[in-house]
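Novice: Mind having a look at this structure? Questions to follow.
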Amino acid sequence: MTDTTRSLRDCLAPAKLNLFLHITGRRPDGYHALQSVFQLLDWGDRLHFTLRDDGKVSRVTDVPGVPEESDLVVRAASLLKAHAGATLGVDIEIDKRLPMGAGLGGGSSDAATTLLALNRLWRLDLPRTTLQSLAVKLGADVPFFVFGKNAFAEGIGEALQAVELPARWFLVVTPRVHVPTAAIFSEKSLTRDSKPITITDFLAQCGIDAGWPDSFGRNDMQPVVTSKYAEVAKVVEWFYNLTPARMTGSGASVFAAFKSKADAEAAQAKLPAGWNSAVAESMSEHPLFAFAS
């Protein structure tokens with residue numbers, strides 16, 4: 001990342017994985033109550049921010065299928081500007097590297113990186129808790145990325161406790177299909193009554209001194225998605241005889257954990273030709289964590 005008084009370049013918006021995802025109920029407001037552990041990855045979109053003196057917020061790169069006015073990065077910048085009364089504007093460039101609609105948190109991570117970067121570039125010095133309260137207005141996953149640590153999440157994903165996780169490498173395979181989250185949540189067959197667990201339950205099996213994430217829990221959305229999207233089911237089936245694997249979020253990405261980069265790349269080399277995949281290392285902290293206190 002390059003940090004000057006007028007710009008911030010090569011800001012990573014990291015991907016996330018849901019190491020497990022349990023749906024424990026439905027809230028009075030209609031949202032589903034969730035429990036999950038979010039894992040940051042050293043892989044994601046790259047964002048570039050350049051100050052404008054005219055106060056305008058502008059996205060200067062085209063993102064296919066995402067109009068500028070509805071882009072979460074533009075909404076995040078505009079929300080922060082209005083909240084803080086900032087007089088400066090910004091040009092935002094986005095180098096999209098994460099597949100969209102894949103359960104990796106791409107758009108939400110872009111929004112969080114925007115909040116953190118502009119907190120520094122606009123010299124707002126807002127505390128992290130304030131940025132998180134703004135993040136909630138942008139989407140359920142955005143507060144986690146502002147929180148900036150691997151986390152045990154509850155509620156709709158906004159109640160977060162930091163967790164220490166063992167370092168590892170992941171192979172992430174993304175079928176070329178878009179899975180609509182809202183449609184999966186509305187499916188009658190979706191499990192909505194998983195027994196709530198505690199952070200202690202998780203850490204006993206999967207903490208920094210314990211085992212691997214695939215040994216704990218499940219993704220309650222996975223059976224619904226694999227029943228409707230043969231492409232996702234095919235990836236899960238491919239992994240079956242090699243190593244435990246799991247879908248992240250509402251899909252479509254499927255991941256497996258490995259102890260080394262070499263092990264992950266060896267598995268990647270066995271993938272069928274044409275499959276979209278990436279090998280990524282775990283991260284313990286968001287690269288812009290220091291941009292809020």
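Any Cβ shown, glycine's included, is placed from N, Cα and C.
As annotated in Swiss-Prot:
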{"type": "ACT_SITE", "residues": "Lys16", "note": "active site"}
{"type": "BINDING", "residues": "Pro99, Met100, Gly101, Ala102, Gly103, Leu104, Gly105, Gly106, Gly107, Ser108, Ser109", "note": "ATP binding site"}
{"type": "ACT_SITE", "residues": "Asp141", "note": "active site"}
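Describe the structural context of these features.
Specialist: Lys16 (active site): 26 other CB atoms within 10 A of its CB, across all protein chains.
Within 10 Å of the C-beta atom of Gly101 (ATP binding site) sit 19 other C-beta atoms, taking all shown protein chains into account. The DSSP secondary structure for Gly101 (ATP binding site) is coil.
With a 10 A radius on its CB, Asp141 (active site) counts 26 other CB atoms from all the protein chains. For the recorded site, Asp141 (active site), the DSSP three-state label reads coil.
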Novice: Does DSSP give Gly107 (ATP binding site) helix, strand or coil?
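Specialist: Gly107 (ATP binding site) sits in a helix per DSSP.
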Novice: Measure the Cβ-based neighbour count of Gly107 (ATP binding site), defined as the other Cβ atoms within 10 Å of its Cβ.
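Specialist: For Gly107 (ATP binding site), the count of other Cβ atoms within 10 Å is 23.
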Novice: Quick one: give me the count of other CB atoms within 10 A of the CB of Gly105 (ATP binding site).
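Specialist: Taking every protein chain into account, the count is 29.
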Novice: Counting other Cβ atoms within 10 Å of each residue's Cβ, which of the binding-site residues Pro99, Gly103 comes out lowest?
Specialist: Pro99
Novice: Can you tell me how far the Cα of Ser109 (ATP binding site) sits from the Cα of Asp141 (active site), in Å?
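Specialist: If we compare the Cα positions of Ser109 (ATP binding site) and Asp141 (active site), the gap is 8 Å.
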